[in-house]
Amino acid sequence: MAINCLRGVPKTPFLSKPLIPPSLLFSRRASLVVTAAAMSYDKELAAAKKAAFKLMFLLYADFGGLSVLGFFSLTGKVQKALLQSDVHSKSDKSPVTVADYGSQAVVSFILEKELPTESFSLVAEEDSGDLRKESGQETLQRITKLVNDTLVNEEAYAIATLSTEDVLRAIDNGKSEGGSSGRHWVLDPIDGTKGFLRGDQYAIALALLNEGKVVLGVLACPNLPLASIGSNNQHSFESSHDKVGCLFFAKVDEGTYMQSLDGSSPVKVHVSAIENPEEASFFESFEAAHSLHDLSSSIAKKLGVKAPPVRIDSQAKYGALSRGDGDIYLRFPHKGYREKIWDHAAGSIVVTEAGGVVTDAAGKPLDFSKGKYLDLDTGIIVTNQKLMPSLLKAVRASIEEKVSSL
C-alpha cells in the first residue's frame with residue numbers, strides 16, 4: 001500500500017525547441033498560442049492553497065498556540081463540543097456556523113489581496129442577509145473577531161482591524177453568478193457542515209473557473225486520515241496511520257497532488273486501476289437525505305460489488321477516490337434537488353487530473369458554465385476509465401427499473 005514518494009512535483013525539463021514555432025510568432029494566431037502557453041495558474045494555485053491553510057487555522061482558532069499536527073489530531077468530540085453553540089439556521093432551514101461565514105470572508109479577503117491585478121469574482125454558498133438582521137448582530141460580532149484573529153499575522157497585507165461592514169462586504173463578494181465568460185472562483189467554505197459538527201469528514205473546497213471550465217482546485221480535508229479509508233490499500237505515507245489531515249490540489253493538465261499538513265512534500269496521486277467491478281468499492285453520501293442509497297445499492301448489486309459502501313460527508317470523497325481509496329462514487333439526489341457548482345467544482349478536477357472520470361448519470365461531463373447550478377441527468381457518477389462502461393450500463397438499467405416501478 002504505497003505511493004512512490006519519488007513521484008513528487010515534476011521538474012520542468014530542458015526544452016530543446018521553443019514552445020511556440022517561429023512561424024507563429026508574428027501570425028494572427030500568435031496571441032492565442034502565447035496566452036495558452038503562459039496560462040500556468042501558478043499564482044492562483046498558491047493563493048488558493050494559502051487561503052485553505054488559513055481557513056484550517058480559523059476553524060481551530062480556540063486552540064491558539066498548537067502546532068498544525070497538534071490541532072488536527074484533536075478528536076471529533078472536542079470539535080463538536082466547541083462548535084455546537086455556533087450553529088444557526090439559515091432562511092432555508094439549512095445549518096450554518098460562525099465558521100462558515102468567517103471562512104468565506106477570509107477566502108474572499110486573501111484572494112483579493114494575493115491577486116490584486118485580476119478582476120475578482122467569487123461564487124460561494126453564504127451571503128450576509130441573516131447577519132444584517134437585528135437577530136444576527138451578536139453572531140456578526142463573533143465572526144468579525146474570528147476573521148481578525150485569523151488575519152492578524154498577515155503583515156504583508158498591512159491592514160487595520162476589519163470592521164463588521166468590512167466582513168459583511170467580504171462575505172457578499174460571494175454573490176457572483178459565475179457563468180461561461182471570464183474567471184470565477186468557486187467556494188464552499190465548509191463543505192459537509194453536518195459532518196463538521198459531528199466531528200467527521202468535511203472539506204474546504206476552492207476552485208477556479210476560466211471560461212466555464214474548472215482549471216484548478218484545492219480540497220483541504222482536515223479530518224481525512226493519510227492512511228487509506230478504503231479497502232484498496234493503494235497508497236500510504238510512512239508512519240501515516242495515526243496522521244490526519246490532507247490537502248489535495250490539481251491544475252488542468254498537470255495532475256493531482258496530495259500533501260499532509262505537516263509541511264511534507266506533495267506526492268502525485270492517481271485513481272485506482274481496478275477493472276473488475278466485483279473487486280470495486282464505492283463511496284456515497286453519509287446523509288441519506290443527500291442521495292438515494294437504495295438506487296446506489298441496486299447499481300452495486302448489478303455490478304457484483306461485494307464490499308459495503310463507504311459513507312462519508314463532503315467532497316472528501318473526491319479526494320479519497322483520487323488517491324485510490326475507492327473506485328466509484330455515486331450521488332443521486334432526491335427529486336427536485338439542484339446540485340450547486342461549489343459542491344463539485346474542486347472535487348471534480350482533483351479526480352479528473354488523477355486519471356478519473358466525473359459525469360452525470362447519462363455519461364455527460366459536468367457543465368460548470370451555466371451559473372450556480374449544474375444541469376444534470378439524474379445524478380453524478382465518478383470512477384476510473386476502466387470501470388466507466390460497466391458502471392454506466394448498471395446505472396442506466398437501475399434507473400430504468402426504478403422509473404418503471406413508480
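From the backbone N, Cα and C atoms, a Cβ is placed for every residue, glycine too.
According to TrEMBL, the Mg(2+) binding site annotation covers GLU125, ASP188, ILE190, ASP191, ASP343. Summarising the environment of ASP343 (Mg(2+) binding site), the number of other Cβ atoms within 10 Å of its Cβ, over all protein chains shown, is 21.
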Open item on the list: If you count CB neighbours within 10 Å, which one among the binding-site residues GLU125, ASP188, ASP191 has the smallest count?
Closed with: GLU125
TODO: Would you count the other C-beta atoms found within 10 angstroms of the C-beta of ILE190 (Mg(2+) binding site) for me?
DONE: 25
Open item on the list: Other than GLU125, ASP188, ILE190, ASP191, ASP343 themselves, what residues in this chain have Cβ atoms within 8 Å of the centroid of the Mg(2+) site's Cβ atoms?
Closed with: LEU187, PRO189, GLY192, THR193, ALA203, ALA205, SER314, GLN315, TRP342
